[in-house]
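Below: the structure, in structure tokens.
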Amino acid sequence: MAEKNSHIRNFSIIAHIDHGKSTLADRLLEHTGTVTKREAQAQFLDNMELERERGITIKAQTVRMKYRAKDGRDYELNLIDTPGHVDFAYEVSRSMAACEGAILVVDATQGVEAQTLANVYQALDHDLEIVPVINKIDLPSADVEGVRQEIEEVIGLDAKDAVPASAKEGIGIGEILEQIVHRVPAPEGDPDAPLKAIVFDSWYDSYRGVVMLVRVFEGTVRPKQKIRLWSNRKEFEVQELGVFAPFAKAVGELQAGEVGVVVANVKDVHDAKVGDTITDAARPTEEPFPGFKVVKPMVFSGVFPIEAADYEQLRDALEKLSLNDSAFTYEPETSQALGFGFRCGYLGLLHMEIVQERLEREYQLALITTAPSVVYRVTDTSGAVEEIDNPAKLPPVQKIAKLEEPHLTCHIHARTEDVGAILKLCQERRGLQRDLKYLGTKRVQITYDIPLAEVVFDFFDKLKSVSRGYASLDYELKGYEEADLVKLDILINGEPVDALSVIVHRERAYQRGRDLCQRLREVIPKQMYEVAIQAAIGAKVIARETVKAFRKNVLAKCYGGDISRKRKLLEKQKEGKKRMKQVGSVEIPQEAFLAVLKVEE
């Protein structure tokens, strides 16, 4: 191992949402004097307004700290801040590949949660040295010994050295830094070997093009050097190199073991994919990093501007978003009901909410979003297989030989008293129980196979509400399985509204159709004629609701007298309504599209 690297430590922080990861990062920055008290705003590394507000980390961030340890040596610590949410699992795994160690933060009041576990296993897969930290010991309900035991039982890590800390109060921070220095191994790698570096994040800067966050494993990268990206063989010239300490500053070179920023005239963020390998164009390395994959979106929804005039603006906004987010995809689509818009693909539900919120917030757009759907695999009668992300594109029933839908393996961590409610929820969502094991006396881990389409709606919210917020969920894609699915169309006055159609399981179709019609009846305003709302599978109508018409009291000026006079007036009114119905079109409000989303309650 090169002597040069012995002072470098690359580490990340693993934690479940809200266990205090970003606060701990802030304290480390302050303790090492990287950030002055004046600059230290809360959650320093979460740059996006949205990240701060939701208290989650979306993009990976890095920062370099200088630290003088108790042994009198100066160390360079590179903290790689990873997203903790399950939607961004691939980004987490790439960030881990760039480290040698990880701080495992566990909340002293909550114990080990599902996402903590998922990330720990990933860290162990990458052979990282794990430093456990028990955070939030300043809270009255903290149970340090219980959590220590739990770390040993559930994860199987030795927790006798676990540092009790409180990031908020700044307790135990020095001890954590000492442990990083002594326990996390220094990076290996030869600065003179052919260049080999991994990209673990990239974003778009309007002045410099694509900025890549890299960890150099072998060799050295310098300005003016020609580099090659492994996955697409494209070559670029390095413009500038830098590190975040914590604000960007330029450096002359990045050597094996270092983490930094490379700017190299790359124009398209899709060229610099997360997990790709960078090497020297003149003397390339033998082989790339294993495990590179192009992330595929799992959840799709239509996004339409409420004002047709905003279409161009929406397109620009999506383009800018996709510059920073290579996992997000979009393509134009038209809907008879909603006009022109886009079909967007996301990694998962959180990702979808974030993208939609950023569109509305950063680009001030008023949008309608259709119900999220997943990618179905359709085999038609001729044997051709097609992937369909939009219910409107489903071929007619006669032509479908089989329909398959994606399934997830879900790991749910919960308190023992909530098991019944959670099992019931999973059963309702067509889940198949795979495993149930008790972790100690208070916690339980439940494993289920659940179709993605059932999770997409509001599974997460429901899980949180049946467990009073204590359950946590982690999932991975298991594969496709055949299912008895049908397309449910919604007709309004006999006209199908494409944006309201959904693909559902046949057993659920009646219930779902009825619920949908009832919901729509509440949100579609009364017209001058009656409006029929129907749910149909193919040509068979399975549910109907009617929105009654407004009517003027035409009999107000008849006093007593003959019934035939009244009948004449009523018949005349009826004729008029009938004529109106032939030419009238029903305005469908935004709430109607949201009604499709919230059917389950």
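The backbone N, Cα and C atoms fix where each Cβ goes, glycine too.
The structure displayed is predicted, hence computed values, not measured ones.
Features reported for this protein in Swiss-Prot:
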{"type": "BINDING", "residues": "Asp18, His19, Gly20, Lys21, Ser22, Thr23, Asn135, Lys136, Ile137, Asp138", "note": "GTP binding site"}
{"type": "DOMAIN", "residues": "6-188", "note": "domain 'tr-type G'"}
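Taking the Cβ of Asn135 (GTP binding site) as centre and 10 Å as the limit, one finds 31 other Cβ atoms among all the protein chains shown. In the three-state DSSP scheme, Asn135 (GTP binding site) is classed as strand. Of all the Cβ atoms in the protein chains shown, 23 others lie within 10 Å of the Cβ of Ser22 (GTP binding site).
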